[in-house]
């Protein structure tokens, strides 16, 4: 009896999973019937070159990058940012060092090298641009950050 119930459960699960299967030709995006081809970067901005970093606007905001990162290679084997921002090279390059928070694991364990979860800089840090807002914005910086 138990085996039969288990078998019927598996058949039921298989039937339910096949109902949701849709071929790629039948799939429609929210933008219409045309398949999404990926985001096209906007041309309504330009990267700032070697500027003073912008003031942070909210608590825990990652600092913006005050220079272009075009052509910077960041892979799991190599991170171009560390050529200047690693602790042993920052003094020579004049760049700010990577924060000590980047050496901690999710559990708070201190590592001797940058934590894998913080290794890909552009997950959080973005280059400064002169981009104008696409829509109206009435955002005000956090009170503690206003000078």
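Each residue, glycine too, has its Cβ placed from N, Cα and C.
For reference, TrEMBL has these:
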type: SIGNAL; residues: 1-24; note: signal peptide
type: BINDING; residues: 67, 81, 84, 85; note: heme c 1 binding site
type: BINDING; residues: 102, 121, 124, 125; note: heme c 2 binding site
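Residue 85 (heme c 1 binding site): 20 other CB atoms within 10 A of its CB, across all protein chains. Here the Cα atom of residue 84 (heme c 1 binding site) is found 15 Å from that of residue 102 (heme c 2 binding site). The sparsest Cβ neighbourhood within 10 Å, among the listed binding-site residues (81, 84, 121, 124), is found at 124. In this entry, 67, 81, 84, 85 make up the residues listed for heme c 1, with the farthest two CA atoms of the set 13 Å from each other.
Of all the binding-site residues listed here (67, 102, 125), the one with the fewest other CB atoms within 10 A of its own CB is 125. The two recorded residues residue 67 (heme c 1 binding site) and residue 125 (heme c 2 binding site) have their Cα atoms spaced 11 Å from each other. According to DSSP, residue 84 (heme c 1 binding site) is assigned to a helical segment.
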